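Working notes, beginning with the structure itself.
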Amino acid sequence: MTLEPMSLFWLALTVLAYLGSRWLYRRTGRYLLSPLILAPVVLLAVAVPLHTAYAEYARNTHWLMAVLGPVTVAFAVPIWQQRALLARHWPALGLGMLFGSAASIGSSWALAHALSLDSAVSLSLLPRSITTPFAMPLAQDLGGVPELTAVFVMFTGVLGAMFGGVLLKYLPLRTPLARGALFGVGAHGAGVSRAHEVGGEEGSVAGLVMVLTGLLNLFAAPLLSALL
Amino acid sequence: MNAAFLKKSLRLLAELGVLLALYLLGGLLAGWLDWPIPGGVIGMALLLMVFATGWVKPATLQLGAGLLMAEMLLFFIPALMSLLDYGTLLRDEGWRILLVIGVSTLLVMLVTAFTVEWVCRWSMRHDA
């Protein structure tokens, strides 16, 4: 195996941009400095002037994405720890996830068609409200582009974390369950961190619901493919 | 480097090794059984079954699982760089895409929150 300095450079820069923005975000608490936004902006700011293609960037960074597989396995821990919550409230959470997912997929599909978006883009938009480790394989199943889906998942997280805070102020939601589910179904990981800032129970609900919504969508994929 | 740090690092590596092994095992099972389910999901199901038997407590894997979930963003940043290949697409359709994402996300949040809230209120009334 030959070492390619340029592709190792991208791996190092990716990790540095991530650690740097995480440090800045923790120090300042400013959302624009979070790794979700600042890290890709820094990487793009270096890659675009160098005319780097994605394939070149991905040569040594793709294995970072491969870690999303073990991350999925790790989701078993929060599911198991929150099983009492699920056992007590499964009708409410189950229906919320079901209707929320239907609203997500249905409205993405309808809006994408109404605005006549490219078909690869439309298909990649469908799984965008679930967490990346589930959204990327689902995009593959549906015939979309997994990487494009990851980009849309990111925008969903950023917008969702913002909208969620505003919605909580105006909606008459009395239960922590509803407030947590709003973030977990609507804005996956970014929403879960916001939900933890709202309250402990909201955070646990959001985390649980995020993983279960991902599973629900993944298992609904064959049905969805048949409909499309 | 002190002994406690070394011990913690080894522990972390072992836990990450177990999670990785379950992921790979899940992938193998999916291949053998010809199931269209990602290896990670099967690995997760296997881990849940192990927890259910009571042999292993979730706390045993807390360090490794916690690290993977806390640093999940790092593993997902590389996919965002696909923007490098989709520059023109996003210039042409970017605003429309953002509109879809924004409107749809609002809708998902409203539908989810009100569904959960109503079912909770309904069951509270009927339990009382």
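Keep in mind that glycine also has a Cβ here, set from the backbone N, Cα and C atoms.
As given in TrEMBL:
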type: TRANSMEM; residues: A:6-25; note: transmembrane segment
type: TRANSMEM; residues: A:32-50; note: transmembrane segment
type: TRANSMEM; residues: A:62-80; note: transmembrane segment
type: TRANSMEM; residues: A:92-112; note: transmembrane segment
type: TRANSMEM; residues: A:148-171; note: transmembrane segment
type: TRANSMEM; residues: A:205-227; note: transmembrane segment
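Residues 10, 13-14, 17-18, 20-22, 24-25, 57, 154, 157-158, 190 of the same chain lie 6+ residues outside the transmembrane segment (A:32-50) yet bring a C-beta within less than 8 angstroms of a C-beta in it.
Take the transmembrane segment (A:62-80) and the stretches A:6-25, A:92-112, A:148-171, A:205-227: counting Cβ pairs under 8 Å, A:205-227 has the most. Relative to the transmembrane segment (A:205-227), the listed stretch A:92-112 leads the set A:6-25, A:92-112, A:148-171 in CB pairs under 8 A.
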